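What follows is a single structure, written as structure tokens, with notes after it.
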Amino acid sequence: MYMEKSGAPRRKPVTAPGLRAMKEKGQRIVALTAYDASFAVLAERAGVDFVLVGDSLGMVIQGQSTTLPVTVDDMVYHTRMVARGLETALLVADLPFMADRSVEHALEAAWRLVAEGGAAMVKLEGAAAHHLAVIEALVSRGIPVCAHLGLTPQSVHAMGGFKIQGRQQEAADRLLQEALQVEAAGAAALVLEGIPTALGKIVSQRLAIPTIGIGAGVECDGQVLVIYDLLGLTPGRRPKFSKDFLEGRGSALAAVQAYVEDVRAGVFPGLEHSFD
Ligand SMILES: Nc1nc(=O)c2c([nH]1)NC[C@@H]1CN(c3ccc(C(=O)N[C@@H](CCC(=O)O)C(=O)O)cc3)CN21
Ligand SMILES: CC(C)C(=O)C(=O)O
Ligand SMILES: [Mg+2]
């Protein structure tokens, strides 16, 4: 094997049903993005539970200003690279923009992410009727789905920028209803991005499936970050909800380990990384 992956004692593989069991036991889920084998090994060695090949790769790897140009081919390529670095963490891949334009397209894309890429779960943004139909189609064929609500970057133009969502009561009520709908459609987990802490808490309490927050406050059942933000590698302004864990530490592994510990202990995100 090219790379030593875990370094630590072996642990049981993280699975889709296992995420729900973690919520039931009150164990926080630690998620992190990775786009290549080296970063996947880092996440694996630090004990990350859920490794996301995010379409954020369009921004942090490709240097584009949104995630919209990312293709299914791009996602399959990076998912394959990440798969080679993982041993026990759950491998999740984003369906890129418009891969869900029909149930057929979504099935084809998810098939490739699982069969060619090695993903064990796919993530998709939104809870419109057509998204719910896609979730049901994938789940009924044995592909676990992670939903994604709130600040959904593939809707950047509709939102008028990467803006915090669910600040008004009506929008908050709508988001809770959508969360209940994706759960009913069979989603195994839900990423909540860019919403007030109080809303993240309510959604997490009302759902049986785990919520994984990014800029959604400390009350979610888990947290996710973009690894480049965690390592302070993002040029220019990075989202307020992110934190440079490498600052004051001697290695990338120590930085990821500190993130894992802080999420498990419920001390990250702090108020300074949250919205109210
Ligand atoms: N490096 C990186 N980190 C991410 O978290 C990330 C990406 N890229 N690319 C894909 C999406 C885009 N994301 C973003 C990008 C910017 C903001 C941002 O600047 N938000 C403002 C909030 C504005 C408001 O208050 O409404 C902020 O100050 O954080 C948020 C999410 C999250 N994702
Ligand atoms: C930030 C996470 C949730 C994501 O969707 C991505 O990295 O693309
Ligand atoms: Mg994404």
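The backbone N, Cα and C atoms fix where each Cβ goes, and this holds for glycine too.
Please treat TrEMBL annotations as automatic predictions, because they have not gone through curation.
Quick look at what TrEMBL annotates:
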ACT_SITE  Glu193  active site, proton acceptor
BINDING   Asp55, Ser56, Asp94, Lys123  3-methyl-2-oxobutanoate binding site
BINDING   Asp55, Asp94, Glu125  Mg(2+) binding site
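Annotated features taken from TrEMBL, shown on the structure.
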| residue | record | DSSP (3 states) |
| --- | --- | --- |
| Asp55 | 3-methyl-2-oxobutanoate binding site | coil |
| Asp94 | 3-methyl-2-oxobutanoate binding site | strand |
| Lys123 | 3-methyl-2-oxobutanoate binding site | strand |
| Glu193 | active site, proton acceptor | strand |
Env. residues of Mg(2+) site, Cβ within 8 Å of mean position of Asp55, Asp94, Glu125 Cβ:
Gly54, Ser56, Thr67, Val70, Leu95, Pro96, Phe97, Lys123, Leu124, His148, Pro153, Gln154
Restricting to the same chain and to sequence separations of six or more, state which residues have a Cβ under 8 Å from that of Lys123 (3-methyl-2-oxobutanoate binding site).
Leu52, Val92, Ala93, Asp94, Leu95, Val145, Cys146, Ala147, His148, Val191
Should we count any of the binding-site residues Asp55, Ser56, Asp94, Lys123, Glu125 as near ligand 1, judged by a CB under 6 A from one of its atoms, and which?
Ser56
Give me the CA-CA distance between Ser56 (3-methyl-2-oxobutanoate binding site) and Glu125 (Mg(2+) binding site), in Å, as a whole number.
13
Fill in the CA-CA distance, Asp55 (3-methyl-2-oxobutanoate binding site) to Glu125 (Mg(2+) binding site), as an integer in Å.
11
Out of Asp55, Asp94, Glu125, which binding-site residues have CB atoms lying under 6 Å from ligand 3?
Asp55, Asp94
Including all protein chains displayed, how many Cβ atoms other than that of Asp94 (3-methyl-2-oxobutanoate binding site) lie within 10 Å of its Cβ?
30
May I ask for the distance between Glu125 (Mg(2+) binding site) and Glu193 (active site, proton acceptor), taken between their Cα atoms and rounded to an integer number of Å?
10
